[in-house]
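Asker: Take a look at this one; I'll ask things after.
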Amino acid sequence: MAPSLEEPMQIDFDAPLKAAPKLVAPEPEHCPGPESQQAGKADSCAGCPNQAICASAPKGPDPDIPLITARLASVKHKILVLSGKGGVGKSTFSTMLSYAFAANPDSTIGLMDTDICGPSIPKMMGVEDETIHVTGSGWSPVWAECANGNLGVMSVQFMLPGKDDAVIWRGPKKNGLIKKFLMDVEWGELDYLVVDTPPGTSDEHLSVNSFLKASGVDGAVLVSTPQEVSLLDVRKEIDFCRKAGIRILGIVENMSGFVCPGCKHESQIFRPSTGGASRLAKDENIPFLGRVPLDPRIGMACDHGESFLDAYPDSPACTAIRGVVKRVAEEMGLDPNEVLPDEG
Amino acid sequence: MPLENIQKIVLVLSGKGGVGKSSITTQLALTLSLQGHSVGVLDIDLTGPSIPRFFGIERSKVRQAVGGFVPVTVHDAQALPSRPAGATTTGQQIGPLSCMSLGFLLASRSDAVIWRGPKKTAMVRQFLTDVIWPTLDYLLIDTPPGTSDEHISLLENLLKQTTSPDSPPNQLAGAVVVTTPQAISISDVKKELNFCKKTGIKVLGVVENMAGFVCPNCSECTNVFSKGGGHAMAIEFGVPFLGSVPIDPAFVQLIEEGTRPVYPKGTVISGRDVGGHEEMTDGATSGTTGELLVDKYRDCSLYPLFDAMISEVVEGIQGRD
């Protein structure tokens, strides 16, 4: 039989709001999704061992959503960091954004790593060897070492027995953990919750979106590198945000230009042959937040788990990042000078 | 048996995104073809397919025939024209190259594919069972980052299909693992090596990509993303290290704009003088769209590196038969 792609490319965005029933067998090929409206009723459900379970599962909203909303009621702002492409600097930007917010001693920040198969945040924050403490009221986040001690981190890395262990999980298991991060972690009174995501437009993204929808998300910051291979995937992410109804705060161009430390000549390592992120922002009518140059010291600071902003406050990259953070604050309707007071 | 026409299957893996899996896959495929092998490339990155862009065939569409999809042909088997000046590769006989990617099936290149696990699993299975590959010496499979749905389904299906008695011996040859040198990338890629260990996939070798950038102005090499991490990791895990690949803006330009790589005189990469046989004219480049990507790639400074790498990998694979 010739394969067919006639079935819709999209899935139901509201589907995960329903509780997933316990299945007795893996989902079959054309499964409408055990959480969906058609669960147990679709044509492809005929003969599936899960059919009865799916059909009789309680319909209606996921009972955990109100719990998540209650838990996050004391979080003032929630920001997603997204990119269709891997390795463009999502995690690096998430840590920078968090460090920048944390520079104001009056703010408290949470940083949640939803990249389950490739968590980078703990290493970048220098808390790779920490483990989660469980208290009566939930899991406590790991507090990163920064000047004001106001930056809490949560990642799957804290739960692995060995730091190089592979997390070989399919979608539902990843979704379960993300739900726990939102429901069971004692985030407390937060001014900002920054959510770092894996590349793509799949389970993690859909789950984060549906779990947070009720409690409200300020918006998403998209990260890209200048070349078309990366922008191509970021376009897909913009499409995702539009379809899911997530507000786009803007797009950051990372690794934009490299200044040779030998001769100060600037090269475009990742050539913006199609106009780079600023052109994309214009075409798609979304705010352009700025360019961050490629500085080898950013990567080194991340490898050592220290804040680049604190280590090299006078570098052009640092100035650029502070500029981007202020633009993010502006887009969120906050006073940029209050969010990130100028030093000195 | 849908994969019966294929002699060897090689996976390209990395725990980390954006380290150059697709870029390395492309170059491995081009180099295999230049060595005269028939090659297929299967892209199972469903939410971010890059292979169509890399091969410059974004507008191509897959045809459906009785029995499945017909992959898109990049070029047929043929003899390349000998290069005019300083030619070491004259009248080279190359093998055919074809690709399959979800990108060929999308209505618009900016459409998002928003799928959860089961749907991705089904698509991966379809790619492994319903693509009518021509007779291939090598099938390279480009993967998305991570160790999740796509990877689990890929291996489940491959292990089932390649261990049946009528498939060629050692058909699933192993995996090439790609990393960049910095510690952040290494820590994710170590997870991928443990994934290979757990699933019994042989690691053919580690490639360290983006190792150093040679300034086109002063020829000084800067280690933009640190250095040496890939080699150290390969030693730690006891797997072969295939080599370090520097960042070559001329390669990026070849992919992005289709221009034949030209280097300023005196450029030395990996101890080899790649300085131009033609005068570097600012901005103007000599490539035309009529030439084959594989032909232009012969002028890229990275080609000799990959040539050596492929020879090592091919020898390793054949040594086991």
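Even glycines carry a Cβ here, placed using N, Cα and C.
Curation plays no part in TrEMBL annotations; they are all automatic predictions.
Pasting the feature list from TrEMBL:
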type    : residues                                               : note
BINDING : B:G15, B:K16, B:G17, B:G18, B:V19, B:G20, B:K21, B:S22 : ATP binding site
BINDING : B:C215, B:C218                                         : [4Fe-4S] cluster binding site
Asker: According to DSSP, does B:C218 ([4Fe-4S] cluster binding site) fall in a helix, a strand, or coil?
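Answerer: Going by the DSSP assignment, B:C218 ([4Fe-4S] cluster binding site) belongs to neither helix nor strand, so it counts as coil.
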Asker: CB neighbours of B:S22 (ATP binding site) within 10 A?
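Answerer: Summing over all protein chains shown, B:S22 (ATP binding site) has 28 other Cβ atoms within 10 Å.
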Asker: Between B:C215 ([4Fe-4S] cluster binding site) and B:K21 (ATP binding site), what is the CA-CA distance rounded to a whole number of Å?
Answerer: 24
Asker: Which of the listed binding-site residues (B:K16, B:K21) has the least company, meaning the fewest other Cβ atoms within 10 Å of its Cβ?
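Answerer: Across B:K16, B:K21, these binding-site residues, the one with fewest Cβ atoms within 10 Å is B:K16.
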Asker: Just the number: how many Å between the Cα atoms of B:K16 (ATP binding site) and B:C218 ([4Fe-4S] cluster binding site)?
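Answerer: Cα-Cα, rounded: 31 Å.
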Asker: Measuring Cα to Cα, how far is B:S22 (ATP binding site) from B:C218 ([4Fe-4S] cluster binding site) in Å?
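Answerer: Spelling it out, the Cα of B:S22 (ATP binding site) and the Cα of B:C218 ([4Fe-4S] cluster binding site) are 29 Å apart.
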Asker: Just to be sure I understand the packing, how many Cβ atoms besides its own are within 10 Å of the Cβ of B:G17 (ATP binding site)?
Answerer: 26
Asker: Long-range neighbours only, meaning 6 or more apart in sequence with Cβ under 8 Å: which ones does B:G18 (ATP binding site) have?
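Answerer: Result: B:P145.
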Asker: Return the residues near B:G20 (ATP binding site), defined as same-chain residues 6+ apart in sequence whose C-beta is under 8 angstroms from its C-beta, sorted by sequence, else 'none'.
Answerer: B:V178, B:T180, B:N209, B:M210, B:V245
Asker: Could you say which of the binding-site residues B:V19, B:C215, B:C218 has its Cβ with the most other Cβ atoms inside 10 Å?
Answerer: B:V19
Asker: Closest to B:C218 ([4Fe-4S] cluster binding site): which of the binding-site residues B:G15, B:G17, B:V19, B:K21, going by Cα position?
Answerer: B:V19
Asker: Around the Cβ of B:G15 (ATP binding site), how many other Cβ atoms lie within 10 Å? Please give the count over every shown protein chain.
Answerer: 29
